[in-house]
Amino acid sequence: MALNLLSLSARPSPTTSAVMCQAIATTFSVLSVTPPLPLQPPLLSLPQKSIPMPLPSSSCALHCPHFQSCSGCTHEYNLHHPAILDEANDFFEKLGVSEFNFDTCRLWEWRCRAKLAVRGPSTKPLIGLYREGTHDVVDIPECKAHHPSINAAVELLKQGMSKLNIEPYDEDQGTGELRYVQMAVTTYNTSLPASQRYKNGKVQVALVWNSRNENSPSSEKLNDLANFIWRNGGAKGKVHLIHSIWANFQTSTNNIIFGNRWRHLLGERDFWEHVGGIDVSLAPSSFGQANTRAFDFLLRKLHKYVPSGASVVDLYAGAGVIGLSLATMRKCRSVKCVEVNKESKVSFEKTAARLPATLDSSISWHHADASKEPLSWLVGSDVVVVDPPRKGLDLSLLDTLRSLSSLELKSNLPESTSAKAKNEKRPWVLRERETSVQVKSSTVQEESRSLPETLIYISCGWDSFKEDCMSLLSSKAWYLDKAHGFNFFPGTQSIEILAVFKRVSKPNIKRRKSGKKKRPS
């Protein structure tokens with residue numbers, strides 16, 4: 001089957017302005033907005049000046065033919081104003097946050113990372129998401145949420161599967177060859193002007209193959225498919241669409257998408273993106289934000305709440321993007337990144353290697369569970385940043401944060417993790433710490449016994465955040481200072497929250513001396 005290269009090229013952008021809405025209470029100040037023409041992306045650049053004007057809901061509609069069947073989006077209109085936003089406004093207003101700002105960011109073609117199921121016949125494979133409440137895959141060509149390069153890469157993959165007779169996975173029988181595909185877009189390209197990088201993003205394709213490893217009988221078909229994709233979409237193709245191709249091997253019958261075995265097949269091995277002022281390396285196995293642009297906005301807002309030269313601990317750190325961004329942009333004297341997934345270590349090391357040579361900061365990444373002995377991670381830090389999964393903070397960490405004020409009054413605070421490391425002798429602990437990473441600093445940092453005065457909470461789960469927030473406030477140890485919302489997933493009932501808590505200062509009460517008063521003589 002001949003490949004239609006025209007279907008893979010980036011379409012020209014219409015004269016459309018990207019959206020940057022800001023909500024204070026229920027009032028929005030917005031930039032001029034025009035709904036996207038069918039299959040065409042809005043311009044990348046954001047106007048610098050905000051023009052207050054009413055925003056008609058019809059101009060922020062999804063206009064997607066898959067809306068009724070696809071489970072990816074839950075509402076079709078008012079993409080700039082998810083219904084949950086009104087609840088968030090009321091919640092923060094009652095807590096005394098007078099200005100809750102909401103950034104809508106990009107409303108269409110925002111998704112730069114997608115995990116898609118592959119089902120159906122090889123002659124007409126279905127690549128998309130499950131229908132709500134089922135395991136029936138809905139094919140979603142030209143998805144309005146996907147970056148255009150993802151849609152083009154999916155079409156190329158379908159053509160390769162049909163040509164090479166690649167069998168999609170059959171869940172009932174456990175047969176077939178291609179189970180899932182992950183598409184991740186990198187807009188990192190310093191050879192292009194900044195205004196052209198987003199629309200010219202390249203796709204890292206990760207094929208989840210139904211076999212134990214690359215030596216299986218079907219491995220030849222895997223290589224044929226990879227070569228087809230690279231030949232027609234790689235660096236030497238007529239359209240350079242593909243960044244790299246990876247294989248993941250998975251035979252489990254559960255709903256876990258990825259197996260533990262990865263193999264790089266073709267293209268560049270390292271995947272880079274520029275967010276929060278730094279170059280970030282992400283392996284296909286690493287967690288990455290789907291909405292790259294919105295994440296960049298959040299990081300730049302976050303920078304404002306970390307004092308220059310502060311000592312920071314970043315919990316649930318992943319590959320350390322937040323911590324390394326703060327170390328660079330706020331010149332932190334120390335940053336500790338704590339993450340339970342050891343697969344994030346390689347990405348952290350590569351990102352850290354690209355930090356400015358002039359940066360003098362003690363930076364470390366620790367393979368550890370922040371819920372175990374959480375106080376030892378907090379000791380010595382001025383600011384603690386938490387970015388937990390959707391379920392919210394682990395109970396042990398939440399309890400420790402609630403009791404910080406009372407712990408500070410005690411003289412028997414535990415050693416900081418760096419101090420404990422010097423004295424640790426248990427072999428199983430030492431083996432675990434071999435996976436940790438330390439970036440050398442030219443300045444010797446003095447050990448501090450302080451506890452954090454600022455807590456920055458980044459939340460992707462609104463319900464769990466509300467519970468954690470009320471728990472922290474009820475302890476009387478913290479008060480809520482600032483809150484911002486971000487539209488990470490337009491078309492869904494979800495918002496990302498950046499909340500800044502400050503420690504409540506305890507009054508310095510002098511004790512009266514006990515003893516009997518002298519009688520006047």
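Glycine residues also receive a Cβ, built from the backbone N, Cα and C atoms like all the rest.
In TrEMBL, annotation is done automatically, which means it is predicted and not curated.
Per TrEMBL, these features apply:
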type: BINDING; residues: Q289, Y316, E339, D387; note: S-adenosyl-L-methionine binding site
type: DOMAIN; residues: 296-389; note: domain 'Methyltransferase small'
type: ACT_SITE; residues: C460; note: active site, nucleophile
Cβ-based neighbourhood (8 Å from the centroid) of the S-adenosyl-L-methionine site, residues Q289, Y316, E339, D387 excluded = F287, D314, A317, G318, V321, I322, P388, I458
Request  = Could you list the residues of the same chain, at least six apart in sequence, whose Cβ is under 8 A from the Cβ of Y316 (S-adenosyl-L-methionine binding site)?
outcome  = V338, E339, A370, V386, D387, P388, P389
Inquiry  = Counting only residues 6+ away in sequence within the same chain, which have a CB under 8 Å from the CB of Q289 (S-adenosyl-L-methionine binding site)?
reply    = R113, F295, F488
Ask   = Long-range same-chain neighbours of C460 (active site, nucleophile), Cβ under 8 Å, sequence gap at least 6?
value = P389, R390, F488, S494, E496
Note = When each of the binding-site residues E339, D387 is scored by other CB atoms within 10 A, the minimum falls on D387
Query = Any idea what the model's mean pLDDT is for the domain 'Methyltransferase small' (296-389)?
reply = 96
Query = So how many of the residues in the domain 'Methyltransferase small' (296-389) end up helix, strand or coil by DSSP?
reply = 34 helix, 21 strand, 39 coil
